[in-house]
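Notes follow the structure.
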Amino acid sequence: MEALAVQALAGLASASSLFLVASGLTVIFGVSRIVNFAHGSLYMLGAYLAWTFVSHGPLAELGGFWGFWGGVLLAALCVGALGAALEMTVLRRIYHAPELFQLLATFALVLIVQDVALLLWGADDKFGPRAPLLRGAVEILGLRFPRYELFLIAVGPVVLGLLWLLFHRTRFGILLRAATQDREMVSALGVDQRLLFTAVFFLGAALAGLGGALQLPREAVTLHMDMAIIVEAFVVVVIGGLGSLPGAFLAALLIGELHAFGILVFPRITLVLVFLVMAVVLVLRPHGLLGAPPGAPPASEQAPPLPRPLPRGLRLATLGALAALLLAAPFLGDYPLILLADFAVFILFAASLHLIMGPGGMASFGHAAYFGAGAYAAGLLLRHLAAPMEMGLLLAPFAAGLVGLLFGWFCVRLSGVYAAMLTLAFAQIAWSVAFQWVEVTGGDNGLLGIWPSDWARGKLAFFYLSAALCGLGVWLLRRAIHAPFGLALRAQRDSALRAEAIGIDAFRIRWLAFAYAAAFAGLAGALFAFGKGSVFPTYLAIPRSVDALLMVLLGGVQTVSGPILGAIAYAGLQEQLARVTELWRLLLGLVILALVLFFPRGLAGALAQWGEKRA
Amino acid sequence: MLAVEGLHAHYGRAHILHGVSLTVAAGEVLCLLGRNGAGKSTTMKAIMGLVPPSAGTVRLEGGRLEGGRLEGRDLAGQPPHAIARAGLGYVPEERRIFTGLTVLENLEVGRRPARPGLAPWTPERLFALFPSLGGMRHRPAGRMSGGEQQMLTIARTLMGNPRLLLLDEPSEGLAPVVVERMAEAILALKAEGLSILLSEQNLAFAGAVGDRACILETGTPRQTLPMPALMRDAALRARYLSV
């Protein structure tokens, strides 16, 4: 009994830290509508900066109370200033870009911060000192409980209270709440939006920085802090309802306690528990616990352009290049052939996601689930039933399609960020199954020896096989976009209400499109498995979903050829940069950022524009 | 007071305004009339910078403007907040009140510094103008009737102490008795010396408050004439306004 009470207190302490980060995320989203992927990076920078201030320089020499707490506050302010600077230099230019494009930009910031932190602080973990005045433990119900954890428990409600006062008792807060609902109207009333946005980024970033800095006495500062916290913070914000501070607080409590007790009951699947809870909440309350349905999109938002074929010259050039590649393949070495087969797989993977995102108008952050489902289907068939490659390649799309039907039934009911988060949740659940069901999937060791049939074992034959199947898949996906089915899909994207009024079952169309796309992702996954000879849980993990997302966004969401170009550009860049330099994340981030700022319609969009101008 | 010349505006590739020119004299109510889709709301939005005009000029003359920076200068192409600060107050057709904020908080969002030579608007003065708002200062604006919301949206814009008010269809969707009260409020504002550009579909309402009428058709001004002249000219009304 006493142990449970102490466990509950520990849950409250981690809930506080989570709330600090999530509150910043939700405040920024509320006003700017930007889903800030880089928020976890700001949290990590807060921790690193606090470590530096506390253990080096004048504050460290001062030592004692101010040496520590001054360092923590200074770190929070520095991160706030950095957030404001990022808003002024980068984010301000993309407020009118589509939601997912903004996400791409903030993801680029994640990559950049990763390498910058590595350069500045090195790869080894950093340990901070204990907090002055809060050392040691107190006795609660006969058990010892750290003082610092008690302090953290108080920080959450105090910050919530201060934020409430800020939002309800100051002019700045009232303007922020008004801007959350209708920022154009606020500017028509004479309020300079730019100042408001910069200020809100300062506030949100400072909260993240504070959250990170306060971790210093609790845990080591590492380069993995950013991704670990951002996923949880997203979950909290989404469960609470985007833009709702009390909702974020409630959700942080829920997740904090879930972790604390989940460890006692199901130590190995706490992460799945978290995502399961999120899935349940979103299915029951599509806008989170305390969230309001999003208002009408701002008037400046324009309908996406119609998908149009590339200009004739460009199309001929593309087909020519493809033909030349197929003819030249026999003269290439093994390494280029492996690379080209990978490219074919990525193109199909990206094209399948594009169907959901472009014509479908839905976002998926968990597309790797279907890629992995296909790979595992093929791998398991070979391992447990000794089914040959041909059978695996034939059945993988059906397996992935079934998974898509199951997950999609939940996901396509929601829209925007909520739908994206639910897809992420299901992908994480699928990942955990692959990771933890060791008896069947081999767990972390994966399935090895998943080799192609004899005739396709040569690199050249396998490249031709990949190219043929991926070409077929891409062709079928494009057919779907231009078929009546694709028209209905685009109609419900542009206005679900009007589409329903003319007899289109929007839910069913979205659901089928989701499963159709999942099937082709599965085919890509199965090919990838045979190409590598193995299947690992990483095939379903978040980074692979992000890869697909980046490929589609880089290429341009609203162009049919976009995912193809995007896949080549992204996979090629990553490959080349990783070979040339250790700092490939930094360079890739900068390249993505440049693309977002200068080619807001993606690569294919930019090419089409260039073609139009010349024509 | 306000001089608009050759204003053009586009929505995407659709060309909506084809050179709108109009002037509003100090203390005058100019009614922008025309059928649905004639470009009345777009004219308002283009003047306010909410739909950036592709050509044309917008000048606000007279008096000292805030900081004097935009005095007599072309407002076209400026961001909306700068145009609002220069002295234009915009009341949108869809009302767009902040539903999560209380009445007083809505007014606070609109508050701007007083202008020299003009008595500044305060919540108390506005509650005298719209008595029904005074009884619900702390009510969330989302829980108000359509008429009350319409009054709140005008009151909110007045808190910015505008020199000229752009009123987009204030009578739309209101009960007849509320429309009457709205007309009284507009006449009271006019008596204070405020200039008003009013877009309307309700001809009786426009006739009751307007001094002159500017008739729009397919984004082009067709005729500008004194209100009484329009009320007498049935042929003109039939040609441009009746449906």
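One is the number of the first residue shown, and numbering goes on along the chain from there.
In case you wondered, yes, glycine gets a Cβ from its N, Cα and C as well.
The transmembrane segment annotation in TrEMBL covers A:34-54, A:66-88, A:100-121, A:150-167, A:195-216, A:228-255, A:314-332, A:392-410, A:417-438, A:458-477, A:511-530, A:550-571 (among others).
Relative to the transmembrane segment (A:195-216), the listed stretch A:150-167 leads the set A:100-121, A:150-167, A:314-332, A:511-530 in CB pairs under 8 A. By the count of Cβ pairs under 8 Å, the stretch nearest in packing to the transmembrane segment (A:458-477) among A:228-255, A:417-438, A:511-530 is A:511-530. Beyond the ends of the transmembrane segment (A:417-438), by six or more residues, the same chain brings 29, 35, 99, 231, 234-235, 238, 242, 268-269, 271-272, 275-276, 278-279, 282, 286-288, 362-369, 372-373, 376, 403, 407, 410-411, 444, 537, 539-542, 545 to within a C-beta distance below 8 angstroms of the stretch. Residues 21, 24-25, 28, 60, 67-68, 70-72, 74-76, 78-79, 82-83, 86, 91, 95, 99, 102-103, 106-107, 109-110, 113-114, 117, 120-121, 126, 128-129, 204-205, 208-213, 215-216, 221, 223, 225-231, 233, 417 of the same chain sit 6 or more residues outside the transmembrane segment (A:34-54) yet have a Cβ under 8 Å from a Cβ within it. Long-range neighbours of the transmembrane segment (A:511-530) within the same chain, counting only residues 6 or more positions beyond its ends whose Cβ lies under 8 Å from a Cβ of the stretch, are 341-342, 344-346, 348-349, 351-353, 355-356, 359-360, 362, 364, 367, 369-379, 389, 392-393, 396-405, 407-409, 411-412, 450-452, 456, 462, 465-466, 469-470, 473, 476-477, 480, 485, 489, 539, 548. Listed by sequence, the residues of this chain that lie at least six past the ends of the transmembrane segment (A:150-167) yet keep a Cβ under 8 A from its Cβ atoms are 9, 12-13, 15-17, 19-20, 23, 27, 131, 134, 138, 173-174, 176-177, 207, 214, 218, 245-246, 249, 252. Beyond the ends of the transmembrane segment (A:392-410), by six or more residues, the same chain brings 279, 282-283, 366, 369-371, 373-379, 381-382, 422-423, 426, 430, 469, 510-511, 514-523, 525-527, 529-530 to within a C-beta distance below 8 angstroms of the stretch.
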